């Protein structure tokens, strides 16, 4: 079994893969990894990969360093099954690259736009030759809602869930509709522009936030909430024998 440890800005995910098939995923605190020991005792883990976008505290580091299997710590020097053309690979978030790797692994030989709607919304492009050209970073749903509250004097902090008319009927619905529809239009705009350049473009959407798209747009999107975990597993398998 492969142990995949994905430590994000808000939560950690601990997943188990049997070769290329995901067996289980556990959501955990990124400050403690309480589930790690139980997961390791439950399965016959042979190797692991650790990927983090935050600085790990001593408790988490101690747990990871006690893992009784070879561990691949994902960084800018890790060998990848795609060609990385990013000019500053040391600043590239592991989650961005892992999502690209997973999408390319599923559809090699295709031009692919990968959209990850999480804390931030990222847009990544990998071409049919497996060359990762880079991507863009935009504020995510919660970040936009929070910014409207923090950087103004009177706008309230609005929850993402709730009534959302086409045009807001009060301040709460105006903020919710403005932010969520703004994100939907942004994503639609990226897809439209990229498909103009690459008519056979495939689109992957992952991340924790769900958005509504019209029927025509839905037909070109592959939604996969576990794309990053699958990419990390692919990277671990690709580096088999190097750890």
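Glycine is no exception: its Cβ is also placed from the backbone N, Cα and C atoms.
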Same-site residue for ATP (record: Swiss-Prot; known: 6, 7, 8, 9, 10, 11, 12, 13; options: 88, 91, 119):
119
Sequence gap of 6 or more, Cβ distance under 8 Å: name the residues on the same chain that satisfy this around residue 94 (substrate binding site), in order along the sequence.
51, 52, 53, 74, 232
If you measure from the C-alpha of residue 116 (K(+) binding site), which of the recorded positions 6, 86, 93, 95, 96, 171 fall inside 10 Å?
95, 96
Using C-alpha positions only, work out which of the recorded positions 86, 95, 171 is nearest to residue 10 (ATP binding site).
95
Spatial neighbours of residue 95 (active site, proton acceptor) among the binding-site residues 6, 8, 12, 119, 171 [C-alpha, 10 Å]:
6, 8
An 8 Å radius from the center of the 6, 7, 8, 9, 10, 11, 12, 13, 119 Cβ atoms defines the neighbourhood of the ATP site; name the other residues of that chain inside it, in order.
30, 53, 54
